[in-house]
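K.L.:
Quick one: the structure is below, questions incoming.
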Amino acid sequence: GDPLYVKVNKLTSTKTQLPFSYYSLPYCQPERIVDNAENLGEVLRGDRIENSPYEFKMREPRMCNIVCRKVLDKKTAKAFKEKIDDEYRVNMILDNLPLVVPVRRFDQENGAVYQHGFHVGLKGRYAGSKEEKQFINNHLTFTVKYHKDPHADSARIVGFEVKPFSVKHEYKGEWSEKTRLTTCDPQAKRAVTSSESPQEVEETREIIFTYDVEFQESDVKWAYRWDTYLLMADDQIHWFSIVNSLMTVLFLSGMVAMIMLRTLYRDISKYNQLETQEEAQEETGWKLVHGDVFRAPANSDLLCVYVGTGVQFFGMILVTMIFALLGFLSPSNRGGLMTAMLLLWVFMGLFAGYSSVRLYKLFKGTEWKKITLKTAFMFPATIFSIFFVLNALIWGQKSSGAVPFGTMIALVLLWFGISVPLVFIGSHIGIQKPTIQDPVKTSKIPRQIPEQAWYMNPTFSILIGGILPFGAVFIELFFILTSIWLHQFYYIFGFLFIVFVILIVTCAEITIVLCYFQLCSEDYRWWWRSYLTSGSSALYLFLYAAFYFFTKLDITKPVSGVLYFGYMLIVSYSFFVLTGTIGFYACFRFTRLIYSSVKIE
């Protein structure tokens, strides 16, 4: 007998990717609409959760409850028609559970797939007519599943399902508050079971909104009520992709081990036996460039900034994944993932400042405050400006996905108020530390670089380097894209973590292998090349996103297309910074290791 209040969330569509608030359509409204308090992540995702006129009592079934009667005018009819054409779905929430429509799957006996929210309406033709009409789903049959507490008489809600129908309701006489419908009458036990005479959306038509509620006892315990939503049918694919990626990793590790043991061991012992000067002059290979290998690269400032940003990103992703693995970021906590990532990004500014200044000191730089400012502003400003343009576009469409002005200011405050000071604190700690010592001295005059073979061309080897790290993650990427753009839940953080580890190893190893070949052909400009080698996987990621757009999504509106590519650009840019930094640090370690093990006269 406790009251249950259904809340309404945004209207969503996979066709347009633009969410709208529920009351942007002329649905029945409660006496006053109350916005429910939300966290930062929810606002950024465009969730707008409000109260609704749908209220019922626990375990008291109702039939044919009339919510309200609306008569359409030109404007409201047009609003409904547009949303039906764009296949919008209505999302509701009861006791923090999203509303789902069970859809039968024929390939499984008892299997049902759950779709989030019900369609605003459907399109169809009357028999014998050519013209396509829009029909609205105005009758909802809710099913509330509950789990009874064996010891007390109380029960908890474990499921919230709906079957929507389109019904042209009829009644006798004039409309008043007490009118009884002839099409759906609890006393005469007439219930709505199909959409046989559907309610058309046209001007001057009246629509009567009704609903039924039935309660079903369920065996699902309250603690496991999210399992049906998060059930992933494709476990095999994930294992397949992981085994596939592990093969790549094994192959690369074998190569790295071979280089390390065979070649280097041989080289080092040979170099160290060369007592006489004459023999040393005939040597070739990576030993020859020892005087130049730690020479600061061109644009070394920019490299420091990018490495710092990459460390910040790496920290954010790593901690977010660990939290997700421990189950802190379940989808039942709407917007939790988004909020966590933002806050972590801000706090990781400490490491960004530290690592960029440490590297800058190695390059004998003196203006560390300039580097710190660049680290604090360059990457976030780029992303923020792309985000701002996209947001303006969403605003122009009057969508609820637009981030309100207040939230924008909150984001800027987070960035200027917490992130920037932390970057400065980090760089201050970095400046206090002693400079990293190079294992070999750098000569005064740069050595000439011999003519390189075609396959050692920088562009070629950089593009080759990006293929393997992308190959290691792309199957998982498919699922992440699907969960973002097709509005499904993504909750396989265990798999994701394994894939992330594989990504780190692949990036590190491919960079080391290519870096070794490069030093062997006496080309010592490895600083930028090591960053770009693994970073180029972001280019493949963006191309894959484009492929996904044209093959899997049926987005037709230009605004939605721009949104998709804008967001994917942000993702690819972040991926570039992340993978590039991993590759750079691997190569940095590797060169220091091999050059510290040879005796230099």
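Glycine is treated like the rest: Cβ placed from N, Cα and C.
Remember, it's a predicted structure, so these values are computed and weren't measured experimentally.
Annotation source TrEMBL lists transmembrane segment at 239-261, 303-329, 335-354, 375-396, 402-425, 462-486, 492-519, 531-550, 562-588.
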K.L.:
Which range wins on Cβ pairs under 8 Å with the transmembrane segment (239-261): 335-354, 402-425, 462-486, 492-519?
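P.N.:
It is 492-519 that shares the most Cβ pairs under 8 Å with the transmembrane segment (239-261).
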K.L.:
Please work out which recorded stretch in 335-354, 402-425, 492-519, 562-588 has the most C-beta pairs separated by under 8 angstroms from the transmembrane segment (462-486)?
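P.N.:
Most Cβ pairs under 8 Å with the transmembrane segment (462-486) come from 492-519.
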K.L.:
With pairs fewer than 6 apart in sequence excluded, do the transmembrane segment (562-588) and the transmembrane segment (492-519) have three or more C-beta pairs that lie under 8 Å?
P.N.:
yes
K.L.:
Taking residues 6+ outside the transmembrane segment (335-354), which of them lie with a CB under 8 Å of any CB in it?
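P.N.:
Contacts with the transmembrane segment (335-354): 38-45, 47, 308-309, 311-313, 315-316, 319-320, 323-324, 328-329, 372, 375-376, 411, 414-415, 418-420, 422-430.
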